[in-house]
Amino acid sequence: MVTKYIPQVALGGPNRWVGWIAILCYAFFWLLNLDVSRSAEVVVMLCFLVAAWRDRPLLPEQRWLLWLLLAFVLLQLVAAWRGTALFPETADHQWDFSRYYLKLFLCIAVAWWIKGSLRAALVVWGVTLAGLLIALLWHSDVAQWSRALQGRRVDFGFMNAQHTAIYYALLLIAAVALCMYFAFAGKRRWWVSLLVLPVVLFGLAGTLVTQTRGVWGGLVLATLTVLLYWLVAEMRRAGSWRGRWARLGGAGALLLVVVIALSQAWPTVEKRIGAEQQEIQAFLQGNLDAMEMRSVGVRAHTWVYAVEQITERPLVGWGPASRIPLIEEGPFPENVQTRFGHFHNSYLEVLLAYGLLGLGMLGVLLVAVIKGLRQLARRGREGLYLSGSLAASFLMMAVANLFESYLVFRTGIYFFVLAGGVGLSFFMYRDNKRAV
């Protein structure tokens, strides 16, 4: 009975069992216990290397990914050497920060373990979300929710509110996907969507009270896009007009619940959106001198400065840890120099660290992930909803990374490794449509 839910790709010898247990620990504990997750990360890589030495796990047409990884490592060596030469005091940090970017390529190992299996992909992403939900519930307390209901911004004890907003937004996207999947699953299973609805409301509430405008913008764009995509797919699947009206009614009911919940928090949303309007207008007009060094002002000034530094070394950048001395040397007030060690934009961070070459290599990896999600969407209703929720999550993260450097922190790294690993697996094993 239990083996019914175990992916067949997880079976086949001790190395595979240990590797799969490690992947599930890595996915489940990434927000609950970083030490456990990091230990599991080492085991995942060791098991993958054992398989690589013994079984040659990648097919010839897949090995370009390893060449891409090798090229990125060589670029890292050059960038770290250059960064050390420019800022000798950052020598240790240059090599230490390099591994954060290198971890993004761990998605190749995750993809290999999944091997294009829909069941395996559902297990990995499901365990990831289960750990996320438990972590968010564990960090929730009455005092912080009380402050949130008073209109104050809260972070629930995580790094800061911007990162907490991402966690709740990822949960919200997944819960909406699950809710719609069961709502349109037929007469026998539609009621399951009612059980998922509290998770939708929990994710929505957490996203609202963290008051992160970049995440809000990305979430609205992503959810509207993917909801329309799902609705069109379900309408085509319905066949009869009766079925189509039923699906429209179900989507409308879900939308109504969200609108009612959103209306209760609208004063907070309106206040947050309206904050710093003068600074935003000044930025759009190019008048940086009129901007105060608050949230928008800090970002605008550091972005302009970052672009200036990128133009000096556009190809291979300044080195992964050079962002810290660059900010310290920049034309900023002392509180900005001491408080912030990043530029609040992941794309600028990559360009500063590794230049256009580094951004291009990561872009190639992301394109492979996106192509994999397209393949996943063709794997029945489960594949359609899983790929849609992952695509929406990537779109939301793409927008949010314009305003915060998630990619240089745990939030962005773990998301890319796990969500990217799922997508990349269906690109690498796109012909393995019978994998279970």
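From the backbone N, Cα and C atoms, a Cβ is placed for every residue, glycine too.
So that you can see what the record holds, here are the features copied from TrEMBL:
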type: DOMAIN; residues: 199-361; note: domain 'O-antigen ligase-related'
type: TRANSMEM; residues: 20-53; note: transmembrane segment
type: TRANSMEM; residues: 65-85; note: transmembrane segment
type: TRANSMEM; residues: 97-114; note: transmembrane segment
type: TRANSMEM; residues: 121-139; note: transmembrane segment
type: TRANSMEM; residues: 165-184; note: transmembrane segment
type: TRANSMEM; residues: 191-209; note: transmembrane segment
type: TRANSMEM; residues: 215-233; note: transmembrane segment
type: TRANSMEM; residues: 245-266; note: transmembrane segment
type: TRANSMEM; residues: 351-371; note: transmembrane segment
type: TRANSMEM; residues: 383-403; note: transmembrane segment
type: TRANSMEM; residues: 409-429; note: transmembrane segment
Candidates 65-85, 165-184, 383-403; stretch with most C-beta pairs under 8 Å toward the transmembrane segment (409-429): 383-403
Stretch-level contact, the transmembrane segment (97-114) and the transmembrane segment (351-371), CB cutoff 8 A, at least 3 pairs: yes
Close approaches to the transmembrane segment (383-403) from elsewhere in its chain (Cβ under 8 angstroms; 6 or more beyond its ends): 118, 121-122, 125, 165-166, 169-170, 173-174, 176-178, 180-181, 212-215, 217-219, 221-223, 225-226, 229-230, 233, 299, 344-347, 369-370, 373-374, 376-377, 412, 415, 419, 422-423
Beyond the flanks of the transmembrane segment (351-371) by at least 6 residues, Cβ under 8 Å: 65, 68, 71-72, 75-76, 79, 97, 101, 104-105, 107, 306, 309-310, 313-320, 322-323, 326, 343, 391, 394, 419-420, 423-424, 427-428
Of 20-53, 121-139, 191-209, 215-233, whichever stretch has the most CB pairs under 8 A to the transmembrane segment (165-184): 191-209
Long-range neighbours of the transmembrane segment (215-233), counting only residues six or more past its ends (CB under 8 A): 162, 165-166, 169, 172-173, 176-177, 180, 207, 247-248, 251, 269, 273, 384-385, 388-389, 391-393, 395-400
Remote residues contacting the transmembrane segment (121-139) - C-beta distance under 8 A, at least 6 residues beyond either end: 5, 7, 23-24, 27-32, 110, 114, 156-158, 167-168, 170-171, 174, 199, 202, 206, 376, 382, 386, 390, 418-419, 421-422, 425-426
Across the domain 'O-antigen ligase-related' (199-361), average pLDDT on the 0 to 100 scale: 80
